[in-house]
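Student: TrEMBL feature annotations, pasted as is:
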- D36: active site, proton acceptor (ACT_SITE)
- E213: active site, proton donor (ACT_SITE)
- 1-20: signal peptide (SIGNAL)
Amino acid sequence: MGYLSSTLLSFSALATTAFAIPDPICSGACTGSIRDPAVLRRNDGTWMRFSTEGNLRIGTAPSIKGPWTTNKGEDGAMLPGGSKIHLDDDQRLWAPNVFYKNGLFHAHYSVSTIGSQNSAIGVATSVTGEPGNWTDHGSIGLPGDKRWNRIDANFFQECADCKPYLNFGSGWEHLFQTTLTPDLLKWSGEEPVHIARNKTLPHGSQTYPSINEGAFQWWVPNVNGHKYYYMFFSSGACCRTPKEGLSPPGEEYKIMVCRSEKVSGPFFDKKGRNCLTENGGSLVLGSHGDVFAPGGQGLAHDPDVNRVALYYHYVNKADGTYKDYRFGFNWIDFSSGWPEVVE
Ligand SMILES: *[C@@H]1O[C@H](CO)[C@@H](O)[C@H](O)[C@H]1NC(C)=O
Ligand SMILES: *[C@@H]1O[C@H](CO)[C@@H](O)[C@H](O)[C@H]1NC(C)=O
């Protein structure tokens, strides 16, 4: 081993052990319950941010870094007054997943009540993505099943004419994948494929297995000669406060990933564990410093800097309430074959 390579080796060993996990990046409107964000850059360069609270609140910024601006009233909502889907008087809308295709923003969103399988995935479209410009198309028509919950939709399509996939799922048996009709407004009728599940009971008082939810699929065409599909998801307890009893360290919400060379799996983690049958999943970002329970994540490519952002919500331990979900992101790098938070 030459001088240069041994220097590089010790540098990278240092990098993995000694560098602190970077803080979330965000400026402007980064607090005030921005949960389950979806972020993308519009063709004119404006960054758009969609999130759960406030009937799918919309924010905008000149850069993914901010400064973000948003209107907290109904005039900042994607669907002021709610969805045309009616399941329950106490239903809520959450977890918008937004992408741009065929000249339209498409948002798949969840309608549910906490902890119930009485749920639906709805879809809305818009030309501009701005508040007041959305048309709600209602439910995609995915049928219910005792294995899955119809929430946390994530659209994935590798090329313009490729199959339009929809990942979804949460409690019960966790993550599934199906497909949409070509207009992306309805379920195709294809039987969902089971993608990932965690059957492990957490230590502590919880009597049901740790939940995998909030799937977000991403692909990289060439990583060291391989084409990889990455399934990011959130795992653990999403939203417990000190009053309800925080989950034991490591069992709170965190961002995990599994990888496959095929779009529908099987997916494996870094240790080679199958993510469906062996409770697999590798940590991408967990709690660190004042950042607690990061999750509800997604990824976006920033063409201005040619980097990929991993964005998410988290709570700041220092504020003590564990209720104010904040928005932030970090740059990630796939060159090792696995996503690493680098800055
Ligand atoms: C959205 O904005 C576009 C462009 O200004 C306009 O043509 C369209 O009618 C608007 N749609 C709705 C539903 O407001
Ligand atoms: C599976 O659940 C256990 C228990 O909560 C947890 O410690 C582990 O991190 C989870 N694994 C994944 C991949 O989410």
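Cβ coordinates are placed from backbone N, Cα and C, and glycine is handled just like the others.
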Student: Counting Cβ atoms within 10 Å of each candidate's own Cβ, which of the active-site residues D36, E213 comes out highest?
Tutor: D36
Student: Would you mind reading off the Cα separation of the residue listed as 'active site, proton donor' from D36 (active site, proton acceptor), to the nearest angstrom?
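Tutor: About 11 Å separates the two Cα atoms.
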Student: Under a three-state reduction of DSSP output, how is the residue listed as 'active site, proton donor' classified: helix, strand, or coil?
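Tutor: Once the DSSP labels are grouped into three classes, the residue listed as 'active site, proton donor' ends up as strand.
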